[in-house]
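Here the structure comes first, spelled out in structure tokens, and everything after it is commentary.
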Amino acid sequence: MKKDIHPNYQETTISCACGAVYTTKSTKPSIRIGICASCHPLFTGQQKFVDTAGRVEKFARRFGKISFIGESSNKKKKTK
């Protein structure tokens, strides 16, 4: 193998949002994750809602009041 072309492979800590800390090896000094085996509903057996709002709901909440081109918000269609 060639020298000085590979990244530095070192011991790293993985920190979860629930407070669990794991140690492994990686090229990064530390890694932060949002969910792990200690708090994931599949592994704990507890049913809890992990995602508070999906991407579609966030979009609808943010841009739901905007009318798009070609749509009329309060205008009635004229009948002949």
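Numbering starts at 1 and runs along the chain as displayed.
Each residue, glycine too, has its Cβ placed from N, Cα and C.
The Zn(2+) binding site annotation in Swiss-Prot covers CYS16, CYS18, CYS36, CYS39. Under the three-state DSSP scheme, CYS16 (Zn(2+) binding site) falls in the strand class.
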*Can you tell which of CYS16, CYS18, CYS36 has the least company, meaning the fewest other C-beta atoms within 10 angstroms of its C-beta, among these binding-site residues?*
CYS18
*Are there any residues in the same chain, six or more apart in sequence, whose C-beta is under 8 angstroms from the C-beta of CYS39 (Zn(2+) binding site), and if so which?*
CYS16, ALA17, CYS18, ALA20
